């Protein structure tokens, strides 16, 4: 090596050392001024690995890449009687099963504790608030998040978060944009705290029709655009079928489209049954995925497992699986193993898992569910 080359190398090394010293100095100063964890290297941040909360429906967990992401904002919207509240009550039950604490901000004043208990919610330990104004509701949400003791907060619903000015005014007064301003301010305030605390916040929202829309979708959600931007996951839930036995209606078939997902591939679709008084049919979700992964075979109306017929018709097969828990648990274990390995699911209940690197995240989260 020539003398000139050695000088250049020494110059680069000394320059690199000076940069590292300057960087460590400024990082230390930032942490002293703003607290530990205010700035970090991405590779050192274990909290950047997104954990999930199960939705209670295996097909939807798969569509979301494991479930609702922890420490994020989630929006669930859809028409009336489509299963929005049921979906969140199942999430609350899942959190409580794992020893977590959940809160339900009932702005609509319509929570049914008997129905919640039938879905597996521990109503004795569920935190419930029925606020008078939108400001009060969002302030309660913010304080629950800041406490770092709550794992899940559900707000039902954004449309019912009425600004104080509107409540104190006369009926018929126009308070234009007040709810949108309220939501925009709230999202700016709570989003950072949500990420630090690891609390998941689910906002339920209603649909409205935009006036004068000739082309395109006239539907929109209430509360302005802030929630759409701040939400990491947005779920569009619809009722696509009413389930009947003869003339008796006993449930609905729901379809959920993942309209936005920042932590897994978006635009996946999941379907599942919601039974009146019982909630999401977990066995129905299992049967759908078992059929699509060829663990349970359907020929005509008959379903068979390992070459033996187990039921005629979907309803009878679900009943048979519920009565034979050992086989049901075995089928569930095989299904989760196949999905972890990336087996394609190609029918209506879940769009296919493509062979791409993003699905490694999904596989890891499904392992946690299993």
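Cβ atoms here come from the backbone N, Cα and C positions, even for glycine.
Here the structure is a predicted model, which means the values were calculated and not measured.
Features of the protein shown, as given by Swiss-Prot:
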- 1-20: region 'Disordered' (REGION)
- 78, 79, 80, 81, 82, 83, 84, 85: ATP binding site (BINDING)
The one of 78, 79 whose CB sees the fewest other CB atoms within 10 Å, among these binding-site residues
79
For the binding-site residues 81, 82, work out the Cβ neighbour count at 10 Å and name the residue with the minimum.
81
May I have the list of same-chain residues other than 78, 79, 80, 81, 82, 83, 84, 85 whose Cβ is within 8 Å of the Cβ centroid of the recorded ATP site, in sequence order?
237, 239
Using a 10 Å radius on the Cβ of residue 85 (ATP binding site), the other Cβ atoms enclosed count 23
Which of the three DSSP-derived classes (helix, strand, coil) applies to residue 85 (ATP binding site)?
helix
Just going by other Cβ atoms within 10 Å, which of the binding-site residues 80, 83, 84 has the emptiest spot?
80
